[in-house]
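Report on the following structure.
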Amino acid sequence: MAALGITVALLVWMATLLFISIWKHIYSSWKLPPGPFPLPIIGNLLQLDIKNIPKSFTRLAERYGPVFTLYLGSQRAVVVHGYKPVKEVLLDYKNEFSGRGENPGFQMHKNNGIIFNNGSTWRDTRRFSLTTLRDLGMGKQGNEQRIQREAHFLLEVLRKTQGQPFDPTFVVGFAPYNVISDILFHKRFDYKDQTSLRLMSLFNENFYLLSSPWIQLYNNFPDYLQYLPGSHRKLLKNVSEVKSYALERVKDHQKSLEPSCPRGFLDTMLIEMAKERHSVDPMYTLENIAVTVADLLFAGTETTSTTLRYGLLILMKYPEVEEKLHEEIDRVIGPSRIPAVKDRLDMPYLDAVVHEIQRFIDLLPSNLLHEATQDTVFRGYVIPKGTVVIPTLDSVLHDRQEFPEPEKFKPEHFLNENGKFKYSDHFKAFSAGKRVCVGEGLARMELFLLLAAILQHFNLKSLVDPKDIDLSPIAIGFGKIPPRYKLCLIPRSKV
């Protein structure tokens, strides 16, 4: 019996050595960047803190260098860390690394839309979306007027709080939601509209779930975990509900479409779909249009909403910054004129604060996953087609050489010695290259105008002592999620 046990142990030992030998051969068959040795099935899971994966990337970069290989389960990934290599990936190799790595939580969006899509469908849909959004006012006066109009409605709702504590999540968030809704549907909604509040709740919950430890695990092992109970089921259900809403809106617009008078982005896509009605391989299908609308609605609402909400919390933490903003707003805009984009040139401090909020919160620390579209030689390494590429934005936004004391909130990071706004090429909050955020211009405009409007009319009042405000995110994964809080808005006396 003892001999049998020894024999079994030897067989297991030999099988393990053989498996490791084969694994090493596969691992070293390409000139991959260095990295920790992966274990079967789980890959490098043990080297990652699933509660703070970006921090794990920083630690591994210190050991293996700015470009290193990891296995997320069985998925090979190359992590790129630091300003120069990240810029090279996003700009110098923008075609080679323009693919989108898979996100299991959005599998039903695969091959459609503009966020989680790949290939020719993505390129054509993105190109059309950029052109149409630009024509509808993306970055032009049309969007400025949209935001100014929405700021008026937002201020009305904020005045009704009458200085009492309230949660700003869906109040402040309704402004960017209405701006993108007007672009997509040529329609804005009342701040009490239940369908809109439901959608915003889904966006908010999804952003949190995508950043939770369980979803980090699920993304790496979807084939094993999909049958188990867990928050991935809630995420998938939410994504399905948002997509169903978008499809319903598409069908409603299709019924009432007037090709000679398109009402917005959605109508323009439907007109293109009609042109393809005899095509054997149409691009503008109901599915693709619905997912594109869902992508734009989610991205156009949640990222700006979260940034504004985080920004207000930061300003309550640093009342001296808020005081300087009030002084600049009073001097340049005054108490009653609507803030305008042209004011940015005369308001370097607010411009710097808006940039510093985005840099400091580092909303998408690891960017969205990229993917190699072909075998690529990068910095002497061979990165095979299909490899996930992770250009870490936090390593650029928190570069100590560019931003002294990057862990601190300092608007001076974007001001020169004369107090003028100082642009930094390290500011990559919207990513860059082929996968840069399509709404970057709109988001920049919204953040500046909405923050200016709020501070023009209100003082921010925290329910706790400013020094006790904790700015730490409650979850770090896909994004950094700010803590929930309440605040009071005290009307400012007219000057």
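Each Cβ is built from the backbone N, Cα and C atoms, and glycine gets one as well.
Here Swiss-Prot flags PHE298, ALA299, GLY300, THR301, GLU302, THR303 as substrate binding site, drawing on similarity to another entry. In sequence order, LEU363, LEU364, CYS437, ALA443 make up the list of same-chain residues 6 or more apart from THR303 (substrate binding site) whose Cβ falls under 8 Å from its Cβ. According to DSSP, THR303 (substrate binding site) sits within a helical segment.
Residues annotated as heme binding site in Swiss-Prot, with similarity to another entry given as evidence: CYS437.
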> CB neighbours of PHE298 (substrate binding site) within 10 A?
Replying inline: 23
> If you take the centroid of the Cβ atoms of PHE298, ALA299, GLY300, THR301, GLU302, THR303, the listed substrate site, which other residues of that chain have their Cβ within 8 Å of it?
Replying inline: PRO176, ILE180, PHE203, LEU296, LEU297, THR304, SER305, GLY439
> Quick one, of the binding-site residues GLY300, THR301, GLU302, CYS437, which Cβ has the fewest other Cβ within 10 Å?
Replying inline: CYS437
